[in-house]
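Asks: Per Swiss-Prot, the feature DNA-binding region maps to 101-160; the stated evidence is sequence analysis. According to Swiss-Prot, the compositional bias 'Low complexity' annotation covers 22-33. Swiss-Prot lists 58-67, 76-89 with the feature compositional bias 'Basic and acidic residues'. What Swiss-Prot records for 97-106 is compositional bias 'Basic residues'. Per Swiss-Prot, the feature region 'Disordered' maps to 1-115. What Swiss-Prot lists as motif 'OAR' is 295-308, and the listing cites sequence analysis. The annotation motif 'Nuclear localization signal' is assigned in Swiss-Prot to 301-305 on the grounds of sequence analysis.
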Amino acid sequence: MSCMKDPLSLERLGAGNNKLCSSSPSSSSSSSSCHHQQPALAMATALAPGQARSSLEAAKHRLEVHTISDTSSPEAAEKEKSQQGKSEDAGPEDPSKKKRQRRQRTHFTSQQLQELEATFQRNRYPDMSTREEIAVWTNLTEARVRVWFKNRRAKWRKRERNQQAELCKNGFGPQFNGLMQPYDDMYPGYSYNNWAAKGLTSASLSTKSFPFFNSMNVNPLSSQSMFSPPNSISSMSMSSSMVPSAVTGVPGSGLNSLNNLNNLSNPSLNSAVPTPACPYAPPTPPYVYRDTCNSSLASLRLKAKQHSSFGYASVQNPASNLSACQYPVDRPV
């Protein structure tokens, strides 16, 4: 009984009870073992009420802690195992993640490259069947052939872009150099203060080349003569107006013959221009394209001959100037 009253023995008793309850495999066995120990605990509380209560509270607290740890131990164990497995898996995987998988480079032979280049020159976008045929010829896989054509097209596009950039830097290229003239040759420089003083002279205009006038073989300064009536017509009208004043002693028959000669010498003019009623005010004739130099010289020579012939006739026949009433009449006596 003395050992039961001793507090140390009571604590040992509670600890033993705790161990028994915690080590039980099932709830039924733990409840039965605790149930068997309850009379001893009741006796200990009856013998030493103050110390037994404190020891009982401590034992109950330990029992609760042990039961909670027992119930949560499988889940905690699983969590700990999963965390340990993750850490073990992450250990060897970290270096593999850091290191990228290296690509396998294909080393083509010269024969394979020749075959691929020849096919690329014919067709830059081969279809699946063509790629398979090339793969059979070159002893390569279809994927390798497809990748080679993709890289080759990218290189070709880059080269085309570089060539276009060089053409833009050098101007419009060699094919446009003959069409575009330098700026200085097209527009000679003038100072801003000398525009009014210099002006455009006939010499500067004659030095310039006009392709339109060159094709017509006409000087640009003489272009006015193209759109004005020929000098031969005006000279002929002037000469015809001067005929009565020059030949005053010629009778009416002589004037008629002169008009007839003019009509015979210029049939084209008579068909185009009607004979005027008054020779002093002839109407302006329509435009007729003629060679101005040749026609004017020929008409002047013809008229000079006509004037000379009529002048001699008037000198040789002075009696022709007399009228009918001026002749002497012999009256019979």
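Glycine too: its Cβ is placed from the backbone N, Cα and C atoms.
What's the neighbourhood like for these features in this structure?
Replies: Mean model confidence for the DNA-binding region (101-160) is a pLDDT of 92.
The DSSP breakdown of the motif 'OAR' (295-308), given as helix, strand and coil counts, is 14 helix, 0 strand, 0 coil.
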Asks: Residues of the same chain, at least six outside the compositional bias 'Basic residues' (97-106), with any C-beta under 8 angstroms of its C-beta?
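Replies: Long-range Cβ neighbours of the compositional bias 'Basic residues' (97-106): 140, 144, 148.
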Asks: Can you count helix, strand and coil residues in the DNA-binding region (101-160) using DSSP?
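Replies: Reading the DSSP string over the DNA-binding region (101-160) gives 43 helix, 0 strand, 17 coil.
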